[in-house]
Amino acid sequence: FQGIFVLGLPYALLRSGYSGLFLIILAAALCCYTGKILIACLYEENEEGQLVRVRDTYEDIANACCKKLSPRLGGVFVNVTQVMELIMTCVLYLVVSGNLLSHSFPYVPVTEKTWSVIAFVTLLPCVFIKTLKIVSKLSQLCSLVHLVIILVVMTYCLTQIHRWSWAKFRRSVEFEDFLVSVGVIIFSYTSQIFLPTLEGNMKNPREFSCMLNWTHFFACILKTTFALTAFLTWGEETKEVITDNLPSFLQTLVNLCLLTKALLSYPLPFFAATEIVCACISGGNHSNYSSPLFALGVRGSFLLITLLMAIFIPHFALLMGLTGSVTGAAMTFLLPSLFHLNLKWNKLSFSEKCADMVIFMLGFLCSIAGIVCSIKGLLEVFG
């Protein structure tokens, strides 16, 4: 919840004004709810009326909903959407790495795209990652670095409290700017991909709902506090990656910490995406799946794809908004509400059905509008 994409939230407030604060809170509440109904789809009542876990993954839920059309249609759609989101996350890490390096060493005559290529070279060992054990160790280091970064940015902002003014918030907001902000905020909360696995590995799965309430509550508080203090400090000068606003004596230090975090974060979505693709291509044939050349080919191809996309779309906030609008809205709002209605229709109350339908419609409208506005923004940037 508190990943590197939190750095785009102050920029989202710049573009959405006061409504951005409301969006951060609303997104937390809706994501918490859709997380719960997604997990509810893993369970069915047995003959004794007890809930039994009959499904294990997001893919299993999708297949159960689409079994009348095709036994595997839903799973294929979910896997494609998951891979898109994970790959776009990897691309964002490369884009932000190039951005951070260019701002850390402004006197070096190297373009931001070239810095992204240099960062990419350090990630080449990812093709040899075979287990989640290595990824988990990298993620632990990543969390520690993140805490340092947030503390430094927040501390500096608090020293500038004399500059704060609520007048910095826009009173009128362009509709297109608002929709791009929606995508950025949604993307900063996306976690539904991992929830079925997380719930299945809990010592006491009954505490899942309580855990989800508290994590979303604290995530909302932290995101709102960070975005608000940073935006009040810089106002209209707020940049896409908030660390670019820091004074030079802090910027280099924080940017290098962020670069470390981005590079340490890359292996997790990369590993998850390649695992999904390898499993789909092999079709359950473990001999193919375990073939070193096959695995290296898939991982190498994915590395190259993320590099090419980072070079051709080097705009952090717009890319984040597009990803949030396309895959974030689908995995977080559209699919959980649709699956819940499909699998639990006869057991839902009228208010629950209405809630699911409203969330589906909101997700659909925001997704379509966000896609159009993000693409339009990218086209304008490219002239």
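Here the Cβ of each residue, glycine as well, is placed from N, Cα and C on the backbone.
Going by TrEMBL, these are the annotated features:
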DOMAIN    1-375  domain 'Amino acid transporter transmembrane'
TRANSMEM  20-43  transmembrane segment
TRANSMEM  76-95  transmembrane segment
TRANSMEM  115-132  transmembrane segment
TRANSMEM  144-166  transmembrane segment
TRANSMEM  178-198  transmembrane segment
TRANSMEM  210-233  transmembrane segment
TRANSMEM  253-281  transmembrane segment
TRANSMEM  293-313  transmembrane segment
TRANSMEM  319-343  transmembrane segment
TRANSMEM  355-379  transmembrane segment
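Just going by CB pairs under 8 A, the stretch in 20-43, 115-132, 144-166, 210-233, 355-379 that sits most against the transmembrane segment (293-313) is 115-132. The transmembrane segment (210-233) and the transmembrane segment (20-43) are in contact, since at least 3 Cβ pairs between them lie under 8 Å (pairs 6 or more apart in sequence). Contact between the transmembrane segment (115-132) and the transmembrane segment (253-281) holds: at least three of their C-beta pairs are under 8 Å, each pair 6 or more apart in sequence.
The transmembrane segment (355-379) and the transmembrane segment (20-43) are in contact, since at least 3 Cβ pairs between them lie under 8 Å (pairs 6 or more apart in sequence).
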